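**Q** Just lifted these from TrEMBL, have a look:
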{"type": "COMPBIAS", "residues": "102-113", "note": "compositional bias 'Gly residues'"}
{"type": "COMPBIAS", "residues": "119-128", "note": "compositional bias 'Basic and acidic residues'"}
{"type": "DOMAIN", "residues": "202-383", "note": "domain 'Helicase ATP-binding'"}
{"type": "DOMAIN", "residues": "421-561", "note": "domain 'Helicase C-terminal'"}
{"type": "MOTIF", "residues": "171-199", "note": "motif 'Q motif'"}
Amino acid sequence: MSRACSRALEPARNKARLELELLSELELEPFRASSNCCEAHQKLLNSPPGQKVVGLEEQAAFCRNLHSPAPAGPAMGNDIQGHVDPAAGGSHSVGHRRDRSGGGGGRGGGGGWNNRSGGWDRGREREANPFQDDVDTEPAFGVQENTGINFDAYEDIPVETSGKNVPPPVNTFAEIDLGEALNLNIRRCKYVKPTPVQRHAIPISLTGRDLMACAQTGSGKTAAFCFPIISGIMTNSQSGPRPPRMPRMAFPLALILSPTRELYPTRKFAYQTGVRVVVAYGGAPINLQLRELERGVDILVATPGRLVDLLERARVSLQMIKYLALDEADRMLDMGFEPQIRRIVQQMDMPPPGLRQTLLFSATFPKEIQRLAADFLSNYVFLAVGRVGSSTDLIVQRVEYVLETDKRSHLMDLLHAQRSNGVQAKQALTLVFVETKKGADSLENWLCINGFPATSIHGDRTQQEREYALRSFKSGKTPILVATDVAARGLDIPHVAHVVNFDLPNDIDDYVHRIGRTGRAGKSGLATAFFNENNSSLARPLADLMQEANQEVPAWLSRFAARSSYGRNRRGGGSGGRFGGRDFRRDSSNRGGGMDYYGGGNNVNGGYGAPGGYGGGYGPTVTSAWD
């Protein structure tokens, strides 16, 4: 077995390193004021293979010795003792919650934040910088950064909004008052122009309207709901009611529900805005998450199962929620989370529709899911950007007929061809989807034995093992990732060059989300599917999808589609209807009732016209907020 594959199997030393990295974000966050601590910690994480790696308790003790607690002074936030800030000469007592003016409040009250529109001078050095940059060197809006999207090629993407008094879209971030700190983070992310979904969704959300939004995968949906929520909390937090003073209970202002664990960009967007983000998900130690909640929280990002656990433990209250966002809403309902979601939204003291703002974002929204999700919304705007449920034609789709017994050898041929083209490591990340956990482990080992460094993620791997595997994949150490559908949604891996459906899914939506891991941020991507008789029920929706995206449909696939029983697919129907591309209220109201409907882009007919607006060249210098 190759050395790279040995690293992919997560030896104990690498697991210890991962634990320390996780600890640095959680347990050690209050101690980051000193550069000595950060340097020592980084030296430890970057130590050579033969060097001893200390345990968690030793590392925590090491950092605490560098930063002894303040001998006197009131506790900050949730009755947690403050710490001396050496950079401030030891005179400024700062609690774990650093984003409030003064003390008190159930969400914590660390000092140092006098207003949320800017002026973050005191808390600045105490928050870990996720960008690793120099704030003073950031460019202004309009400066063209890096190579990326030729955004002019996206002006013809069809956009459709429906609802009453829909706010007009914006063309630049400079047109939106998001606050100085958030604007700086947007520039740090090198987002120069908003994507189509952001152009429409952000102004709608900033007016306080509920929103149901559909947009193609990789289109920047996360930023589209995070920016308005962070901005709203920055603007309104000081004028809002104070939460009850209850020990060991957190009162978030915003809740983001997601089926995956991959919404960490929320923390990056909130950096030095004074808005504190806590992420809670299953598979990770709950004690660390409880400790984070005790330090205070404005935005809670959670998976439904872990949130129900926290609510049952009486460690989180939803009575102060002003913003509710459901990311990948259709996937959560399809995965069986509907009972937990309804319990969270309707039975756990959350303010009802009308007293909170609700934002639902997803790549697909079938009509049945729309009707169910509408129970959570009030007077909402429906937004459809791009060909809902379809994949962008920036992704080149290939379907090849491969017998089950020939799949491994065929995959090997693809990888050899990819290697012979001279594309290596990080520039040739390949994501291979399989049906079973056993199949993932088996294929990973087989690839390693045959000289292709690989790693895998699936439901039986611990959260730490998954995170290490993803880190190894993103860095190019193991440029092949074998995954089950646990990895199909929400992963932020911007440079995947090739997605291989080794085993095709049973549902066309799952196929859409799988191949959406490539072709992100306006970059081209390749998706290859292995098709045989076992996949005949997918033939017609697959052929239709490829046709919609201007892809070449093999003649043999068209023959399969002609004789397959498409009616067995529960999402059958015409283009757009299959994916819930229209607001179902339009069907029930027959375009009446004072509803407004708008077509977007430069498509004079609006709606979903010819998909020619997706493609286009990759112009030299405009980067966009695609993720």
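Glycine is treated like the rest: Cβ placed from N, Cα and C.
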**Q** Quick check on the domain 'Helicase C-terminal' (421-561): DSSP residue counts for helix, strand, coil, in that order please.
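**A** The domain 'Helicase C-terminal' (421-561) comes out at 67 helix, 26 strand, 48 coil.
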**Q** Of the residues in the motif 'Q motif' (171-199), how many are helix, strand and coil by DSSP?
**A** 16 helix, 1 strand, 12 coil
**Q** I'm checking region-level scores; what's the whole-number mean pLDDT for the motif 'Q motif' (171-199)?
**A** 89
